[in-house]
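Annotated region 'Disordered' per TrEMBL: 1-105, 170-193, in sequence order. Per TrEMBL, compositional bias 'Polar residues' is recorded for 26-66, 75-87, 173-185. The compositional bias 'Basic and acidic residues' annotation in TrEMBL covers 88-105. Residues annotated as domain 'Cation-transporting P-type ATPase N-terminal' in TrEMBL: 198-242. Annotation source TrEMBL lists transmembrane segment at 231-251, 257-278, 427-451, 471-498, 913-934, 946-964, 996-1016, 1061-1083, 1095-1113, 1133-1153. Per TrEMBL, domain 'P-type ATPase A' is recorded for 296-411.
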Amino acid sequence: MAGQNPPPSITVDTSMVTDSSSQQQPHSQTMLTPPSTAQGSDMLSPTTPTQSNFDGVTLHSRSPSMVASEATRFRSGSTNTYVQQTDLKLDPPEEALRPDPGNEKDFQVEHNPFAFSPGQLNKLLNPKSLSALAALGGPRGLERGLRTSFTAGLSIDEQRVEGQVTFDDATSLDKQTASPTSPESSEGVLPAGDVKGQFEDRLRVFKDNRLPKRKPDGILKLIWGAYNDKILILLSIAAAISLALGLYETFSVGHGVQWVEGVAIIVAITIVVTVGAANDWQKERQFAKLNARKDDREVMVIRSGRTIQVSVYDVTVGDIMHLEPGDAVSVDGIFLSGHGVKCDESSATGESDQMKKTAVGEVWQQIQNGTATRKLDPFIISGSKVLEGVGTFVVTSVGVNSSYGKIMVSLQTENEDTPLQVKLGRLANWIGGLGSGAAVLLFFILLIKFLAALSGNEGNSAQKASEFLDILIVAITVIVVAVPEGLPLAVTLALAFATTRMYKENNLVRVLRACETMGNATTICSDKTGTLTQNKMTVVAGTIGVDQSFAASNAQDTTEKPVASFGAIFGNLSRKVKDLVRASIALNSTAFEGEEKGVPTFIGSKTETALLSMAKDNLGLDSLGAERANANTVQLIPFDSKRKCMGVVYQTEGGYRLLVKGAAEIMLSKASDAISDIYSEDSTTKPMSTEDRERLSRIIDEYAQHSLRTIGMLSKDFPQWPPANAKRHEDDKNMADFDDLFSDMTWVGLVGIHDPLRPGVIEAVNQCRKSGVVVRMVTGDNITTARAIATECGILRAEDDAVVMEGPKFRQLNDEEMDNVIPRLRVLARSSPEDKKILVGKLKAKGETVAVTGDGTNDGPALKMADVGFSMGIAGTEVAKEASSIILLDDNFASTITALMWGRAVNDAVKKFLQFQITVNITAVILTFISSIASSDNASVLTAVQLLWVNLIMDTLAALALATDPPTEKILERPPQPKSDPLITHNMWKMILGQAVYQLVVSLALYFAGMTIFGYEGDVQRRQLDTVVFNTFVWMQIFNEFNNRRLDNKFNIFEGIQRNFWFIGINCIMVGGQIMIIFVGGAAFRIERITGTQWAISILCALPCLLWAVLIRCVPDKYFGGPFDATVNFLTVVLRPVIAGFHFVLHPVAQLFRGIGRVTRRMFKKNKGVEEDEKVSASDDAEKAGVGAVRHQAMPTVFSTEPTRTGPVPVPEVKIN
């Protein structure tokens, strides 16, 4: 047409184009041929017209409309085919595959045996590009260029591939029709599942499915982070000045050791910082291991014609992967075949609509015949989630080369504090503020005393400066001691210890806050199947037609009269009825044949595998793949949790047949006829009478009362498909709307499936009851089965005023009725995911801390809404796992008790340490304050170096000791704490204040009256007494650490101590360190060697704090709580103006320090300029990849990534979204 450019010339594959009148050939069993033997025209693909509509192994659809139309025009003797102009305009190949600036290296691979580079494959989704697909030669070009088979997948024998397939070989028509170059193993054959040495060339060219680990912070950087605290820096400056003055005095006078204190302070700071950095270093690696475990999972791929499970890390380019509802896609690829696949790509592209996928063969056919549109989407993008449908796709990009991988590399994951850490951070600021206020007040008092005595001071200027510096150092040290920087450390240590131990006990913690939250859970909403039960299902009873019942020989009587055995019924069924029942089980299923630990088995839903096992044993099901391959399946209806059923449509000799299976009572409600004369070859159907319906209802109820899951089967024949006048799918007019046809069905039969309770479930439910945690069952089973299981496991008890309700009735209640019902609700049967979400929301609104278990995609909203979401590690979908905060690796309800125990242990560990540290803070600050003011030379009884040793004890060593106490079963004997409870309870304040009073009385008595009591005289004995005070003070902290192992009013503080080797070891370190300081501390610690008698005085004065704790515990909490609250309220009113005044004075100083900190950080960041430039470049690459509005927090976990650490006490981001 004049004025318009001609259509672009592209090279397309016409080898698959046949005459529209050509007939399909019978299905060939060569579809399972491995790549090494599939040659020439025998190389099958989803676009090969000789294939039947569905893959016999995977039940994934293949479009029947892959034939050429008259719109395709051929040019004789040319490799080019010109397509008609449509609204889809394809770019020329050189433009479609042009490298983006900065990505040129992805297009250059040395010694590449494959036709394509990672960069060229990235152009398929950079953004989604049909032009790039055409430039790569379409489906046959990909198949040949990646040296794979779209039906058999990669060969398990492949290691290094011989020869080379060039770009022209893959994309040129004359080369595509030639025999493909298959990958050949250069070494021996590897067994399936052994990936060592496999795919050597693929991994070299296309990389593996891992993100590069973030380089962990080195020990020097961690030391700098631990030291980068304004208080420590200020103390270091003061210590340096003290050292300089000491050296000046020493060298000017010629003798003296005044410089020792400055050195000792610097050494003490170095030790404190190094120990803190070592803790951080250890936690970095501990959480890195945890993240690696969290991200790994099994996926299904086809290799050498067999479906096998491999680690997601072992997926490589060229693999054929399965898609199922609930999958979180971990790689980029091209959709090959399947049915009704829709994906949620919002987390990867920002596109909120469900994206329907079209098989690449159909897309390619439409490109060839000129009917393609921009809406065609055969692209599977990493980071998306499969909402519905089943299918397969070929992997084109993995790891750093995938869309999701590029985003993750360019993003930095910021760490978030857990709620407990936020609370403790505020408390630490409050305590630090009070301590800082005391230190400032002490400094000014001592400064005034120093200035008042300055006129009578006969020392030289250096000595006067040293005295002033001592005052400053003491004040700063009080701040160091008062600021409880160990509180966040205690939380991190407790969480690190708990999550590691929980993993060993089948709890994989994805979100750290869940660990501490679970400790105070008040209710658990649990699934039934696989959680309370074993999910090892077996068909033990059933009925064919309306009255021909059968049961296993070892099953209980489940019917009104004696029933026949399996063999008696199935052995006499007519061929017609047997074929119908076998098809109802084999075709209407998403399970498949596979191997587990080398044993052939069925893999998939346990309900479906139980039915398939019955069909194999009794209905002549020899090969599931052959059964499906011989059936011409035209439509699949995936299982829907709302309608509780699934279906399939396949072609019969006289038309089409719809098979449906699902919840028995729902199937019965949809049936109008039933099969009859099941033993005769002339079996027919008859209308279902009222008597028949009542009989079947009784059988269903009887099965349910024996805790059997009941599955009904229906069928219906149609002369054509879609049926005339049937409602069609809006997005596919060749598909009928199932709900429009789901009525007037023919009843085939029902089965009862037994799923025994898991061992330990009854005990776990009973333990929850003792712990004050209410267990509720939320299940899709019918109300009779649910009631029977709930009664069996102890959720329902005769003495409880409990409510059992069905989901449809529950959701119709108004708010007032729900508020009345929910506290007594124990079982919610026939519930939908929306019912579970409503229940969770209502429980949370009532102030409950709610834990929820779930395994399905639709459980995601409830799992996300819950305070703690438990997903199933075995049966759970990836979407459910992504929405959850803890994964139960064994799918066992009893494992929630483990989480409950460790959650309470984390909360207890933090409270133990908090109780210990506040006691030390109060005692050390007040003792330093009083002794400094009372001293004639303004010196504290506890020197700066001694206070730093005390700070090391209470901040790091005690945190390690008290945060590692493992839980005992007795921890479950108390009720959960409400959300409104304060962090420090009355019981804790009672112990804190009681111990602080004892320690202050003893220390001050020794300091002020010790010389008189023991008859000491002279400076040497004065220094010995000061050493005794310091020694006694430290030993009181060591003994008080034992007191703090209990938070209740019980007396046995040594319970379980033999199991905590950390506590024992750390206390040995503290005791050894204190003894060493007293014996060799000397001038550095201002220690005078003490005698054996003085050692006895120290120990005997410290030891009674254990007995004092017993007396404190004897005081009832209620008698302490009232006066304590009144005192706190009074002090709040009195001190509020004082605090405001301090804020007014100190705020400018704080602003000054913030400014200094910002300058320091800028200087530090300048050294990382190159690294930042690389991050910016990576970010630009991600934007060019067309990823759109990336919702990073909604992304599924598909890779192993290392969290970025910020600060000296990093909190790992275990949830990498």
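Backbone N, Cα and C atoms are what each Cβ position is placed from, and that goes for glycine too.
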Long-range environment of the transmembrane segment (996-1016) - Cβ separation under 8 angstroms, sequence gap at least 6: 919, 922-923, 926-927, 930-931, 934, 941, 1022, 1024-1026, 1028-1029, 1032-1033, 1036, 1040, 1097, 1101-1102, 1104-1105, 1108
Residue counts (helix, strand, coil, in that order) that DSSP gives for the compositional bias 'Basic and acidic residues' (88-105): 6 helix, 0 strand, 12 coil
Feature contact check the transmembrane segment (1133-1153) with the transmembrane segment (427-451), CB under 8 Å, 3 or more pairs: yes
Cβ contacts under 8 Å made by the transmembrane segment (1061-1083) with residues that lie 6+ beyond its boundaries: 257, 260-261, 949, 953, 957-958, 960-962, 964-965, 1027, 1031, 1034-1035, 1038, 1041, 1045, 1089-1090
For the transmembrane segment (1133-1153), sequence-distant contacts whose Cβ falls under 8 Å of one of its Cβ atoms, 6 or more beyond its ends: 230, 433, 436-437, 440
Distant-in-sequence neighbours of the transmembrane segment (1095-1113), which means Cβ under 8 A and at least six residues beyond its ends: 990-991, 994-995, 998-999, 1002, 1006, 1014, 1028, 1031-1032, 1035-1036, 1038-1040, 1042-1043, 1049-1051, 1053
The domain 'P-type ATPase A' (296-411) - residue tally per DSSP class, helix then strand then coil: 28 helix, 48 strand, 40 coil
